[in-house]
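TrEMBL annotations:
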- 8-140: domain 'MARVEL' (DOMAIN)
- 12-32: transmembrane segment (TRANSMEM)
- 44-62: transmembrane segment (TRANSMEM)
- 82-103: transmembrane segment (TRANSMEM)
- 115-134: transmembrane segment (TRANSMEM)
- 145-281: domain 'MARVEL' (DOMAIN)
- 176-203: transmembrane segment (TRANSMEM)
- 215-235: transmembrane segment (TRANSMEM)
- 255-275: transmembrane segment (TRANSMEM)
Amino acid sequence: MALVNLRAVTSWVGIARLFAILLACIAFSLVASTGIYGGPYGTWCMFSWCFCFAVTLLIVLLELFELYPKLPLSWDDFTSAFSMLAALMIFTSSVVFPSVFIGSPCSSSICMRQAAATAISCLCFLAYALEVGLTRAKPGDISSFLSTVPGLLKVFEAYVACLIFSLLDTYDSVPGLQWCVAVYAVCFVITLLIIIFTIGRCLSYIPCPLEKVLVAYNALAMLMYLTAVIIWPFYSFSNRSRPSSCGANCSWNKHLGVTFLTIFNFLAYLVDLVYSTKMVFIRTRS
């Protein structure tokens with residue numbers, strides 16, 4: 001007989017998840033009703049809403065019927081990482097969708113539904129952000145690494161790197177830009193492996209002081225991103241002004257987007273280093 005855990009839908013975290021499920025469903029239903037979501041940006045937004053809806057519903061069902069202990073993974077780490085990822089994906093969709101598909105003036109019924117979908121998507125982001133806040137580990141609690149600030153930053157860093165990859169176009173002929181792409185790729189792979197190993201409970205098998213290794217990696221990644229923060233805009237915009245006709249797929253705009261995302265990830269690794277150092281060395285002394 002299957003056990004039913006009502007706290008999965010009556011706790012604050014459960015309520016936040018139910019709201020996220022409902023809002024994501026409304027968002028992609030409104031957009032689907034317009035039939036206008038083609039192209040890479042529309043496809044990404046629809047995928048984000050549908051993916052977050054499906055996975056959150058699965059999480060609620062697994063917790064409701066208490067089936068998650070049978071899974072070979074760290075459930076708290078998985079749910080913390082997913083809620084952070086979902087918040088980032090829904091936030092991106094809430095910004096990208098109206099900027100691409102909603103024009104001015106907005107008076108038609110289709111535009112009204114698109115505007116409503118955007119507003120619902122923003123509320124969905126708030127629901128996931130609330131879940132992140134509710135499940136975030138309290139200071140001093142490191143039982144679930146991905147629910148701590150450094151763990152959540154790992155998800156942020158990997159996601160921002162994916163956004164950077166989506167904007168890369170012309171860099172093959174410039175060694176400086178090739179170095180930056182190597183920085184993005186190396187840091188992304190290592191960060192993703194940390195997330196996967198944490199969820200898969202594999203970090204305990206590494207024969208070294210893991211916390212100090214993570215501090216060293218954060219320091220190295222921060223320094224590598226610091227070089228990219230300097231090199232990428234230098235080689236991208238040196239003696240290059242913005243073209244007069246520069247649309248969404250303009251190379252200059254994409255390079256500008258990569259510049260800002262590089263700065264965001266540099267700051268993320270810097271904060272990650274500060275928090276990781278604080279958690280390891282200050283906690284060790286105490």
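Placement of Cβ uses the backbone N, Cα and C atoms for every residue, glycine included.
Curation does not apply to TrEMBL; its annotations are automatic.
The largest share of C-beta pairs under 8 angstroms with the transmembrane segment (176-203) comes from 215-235, of the ranges 12-32, 82-103, 115-134, 215-235.
Sequence-remote contacts of a segment are chain residues at least 6 beyond its ends whose Cβ falls under 8 Å from one of its Cβ atoms, and for the transmembrane segment (115-134) they are 12-13, 16-17, 19-20, 23-24, 26-28, 30-31, 49, 52, 80, 83-84, 86-87, 90-91, 93-94, 97-98, 102, 106, 152.
Confidence across the domain 'MARVEL' (145-281), taken as the mean pLDDT and rounded to a whole number, stands at 89. The DSSP breakdown of the domain 'MARVEL' (8-140), given as helix, strand and coil counts, is 109 helix, 0 strand, 24 coil.
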